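J.: If you look up Swiss-Prot, you'll see C127-C169, C158-C205, C162-C207 marked as disulfide bond. Annotation comment: Swiss-Prot describes N171, N201, N236 as N-linked glycosylation site, evidence class sequence analysis. Per Swiss-Prot, the feature region '4 X 16 AA repeats of C-X(10)-C-X-C-X(1,3)-C' maps to 276-358. Here Swiss-Prot flags 276-291 as repeat '1'. Annotated repeat '2' per Swiss-Prot: 300-315, in sequence order. The repeat '3' annotation in Swiss-Prot covers 324-339. Marked as repeat '4' by Swiss-Prot: 343-358. For 1-31, the entry in Swiss-Prot reads signal peptide, with the evidence type similarity to another entry.
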Amino acid sequence: MHLLCFLSLACSLLAAALIPSPREAPATVAAFESGLGFSEAEPDGGEVKAFEGKDLEEQLRSVSSVDELMSVLYPDYWKMYKCQLRKGGWQQPTLNTRTGDSVKFAAAHYNTEILKSIDNEWRKTQCMPREVCIDVGKEFGAATNTFFKPPCVSVYRCGGCCNSEGLQCMNTSTGYLSKTLFEITVPLSQGPKPVTISFANHTSCRCMSKLDVYRQVHSIIRRSLPATLPQCQAANKTCPTNYVWNNYMCRCLAQQDFIFYSNVEDDSTNGFHDVCGPNKELDEDTCQCVCKGGLRPSSCGPHKELDRDSCQCVCKNKLFPNSCGANREFDENTCQCVCKRTCPRNQPLNPGKCACECTENTQKCFLKGKKFHHQTCSCYRRPCANRLKHCDPGLSFSEEVCRCVPSYWKRPHLN
């Protein structure tokens with residue numbers, strides 16, 4: 001049942017790419033021709049578009065299954081389809097998120113049986129180990145007067161079609177099977193002799209270039225090559241504007257090569273296959289669109305919460321600037337009302353009260369032997385009315401009590 005749904009959607013997507021609606025036909029054809037390099041623009045621009053078209057053509061020629069084909073043309077949309085299919089069902093969207101128009105698929109031009117037949121044929125012809133019959137005498141170059149019964153044996157050898165004319169289906173690992181046969185030599189001097197012969201049995205295959213084949217045949221150290229095409233050596237990188245990273249080509253490709261239905265003048269990145277929007281990506285485990293970069297509510301910090309629509313951290317208290325009160329302003333970074341009052345030098349700011357307060361008071365000044373001056377918020381000492389010029393030996397004049405006191409009472413002057 002899943003295979004039937006899979007092929008049905010493949011039919012719809014392929015038809016959508018090839019058969020535009022009448023109203024959008026000129027734009028679709030223009031975008032398609034642009035992707036293939038059929039442009040009448042300036043020579044430089046034409047060369048760029050031709051290069052981009054060659055990238056897409058090379059990519060399409062290299063796909064080896066319906067899944068890969070849809071992944072190239074509609075990466076996000078196809079990923080969402082497979083994800084929801086694993087969850088038990090698929091609901092095909094009916095609106096184009098970019099234009100608001102209903103998306104029209106020409107599914108009537110293909111039927112499920114045809115797609116199923118194509119998919120089965122595609123799988124049958126892929127490069128893989130296949131069971132074949134080989135002639136024992138020809139395999140080992142037996143003498144003309146010697147033959148074997150049975151004359152042929154069944155083993156697996158690599159065979160199938162590669163997606164490029166420059167590639168060959170070759171074995172990358174080989175095992176050996178022992179088979180017991182009758183060996184007969186004429187003129188018959190004795191009866192058939194049972195013999196055990198080892199035959200090469202291919203266990204994995206790969207489409208390889210002639211250079212790779214040469215390296216494998218002439219390799220000093222025989223070892224199995226990877227059975228699958230190598231993955232990108234470099235990690236996914238950030239691409240320029242209007243370019244997207246492609247895991248098959250291992251480089252950035254022009255996004256317009258993948259949007260056949262869009263208008264020529266519209267180079268927006270919100271394509272039809274961008275099902276999650278500009279700030280989100282598909283989580284294949286949950287089949288949900290989540291914020292890019294792993295942004296979660298816990299990463300927003302105190303006083304903030306994650307807006308799941310815009311994927312931005314916003315203030316959770318929803319305060320407005322006029323709700324902070326006098327001498328306070330709303331700080332969007334901390335999501336709090338902060339004091340912005342400017343105080344005189346002798347009246348520092350008290351952040352908790354957002355008020356200018358004196359650092360000195362009557363009690364503090366009294367302990368210093370001074371009086372508190374309210375206007376200046378400072379302590380001061382009144383001059384002595386009768387200041388003695390000379391004190392008896394062992395005594396010193398104190399400005400605090402305006403009399404002579406023992407010298408050891410006098411506090412040292414502190415710089």
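Placed from the backbone N, Cα and C atoms, the Cβ positions cover glycine too.
Looking at the shown structure, what environment does each listed feature sit in?
T.: Applying an 8 A CB threshold to same-chain residues 6+ apart, the list for C169 (disulfide bond) reads C127, C158, G159, G160, C161, C162, C205, R206, C207.
The secondary structure of C205 (disulfide bond), as reduced to three states from DSSP, is extended strand.
There are 20 other CB atoms within 10 A of the CB of C162 (disulfide bond), with all protein chains counted.
According to DSSP, N171 (N-linked glycosylation site) is assigned to a strand segment.
As a summary of secondary structure, the region '4 X 16 AA repeats of C-X(10)-C-X-C-X(1,3)-C' (276-358) carries 9 helix, 28 strand, 46 coil according to DSSP.
Confidence annotation: the repeat '2' (300-315) carries a mean pLDDT of 82 in the model.
Within the chain, the repeat '3' (324-339) has long-range Cβ neighbours (under 8 A, six or more residues past its boundaries) at 303-304, 315-317, 349, 351, 354.
Within the same chain, residues 327-328, 376-378 sit at least 6 positions outside the repeat '4' (343-358) and bring their C-beta atoms closer than 8 Å to a C-beta of that stretch.
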J.: Could you check the disulfide-bonded residues C127, C158, C205, C207 and say which one's CB has the most other CB atoms within 10 Å?
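T.: Max Cβ neighbours within 10 Å, all protein chains included: C205.
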J.: If we count other C-beta atoms within 10 Å, could you say which of the glycosylation sites N171, N201 has the fewest?
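T.: The glycosylation sites N171, N201 were compared, and N201 has the fewest Cβ atoms within 10 Å.
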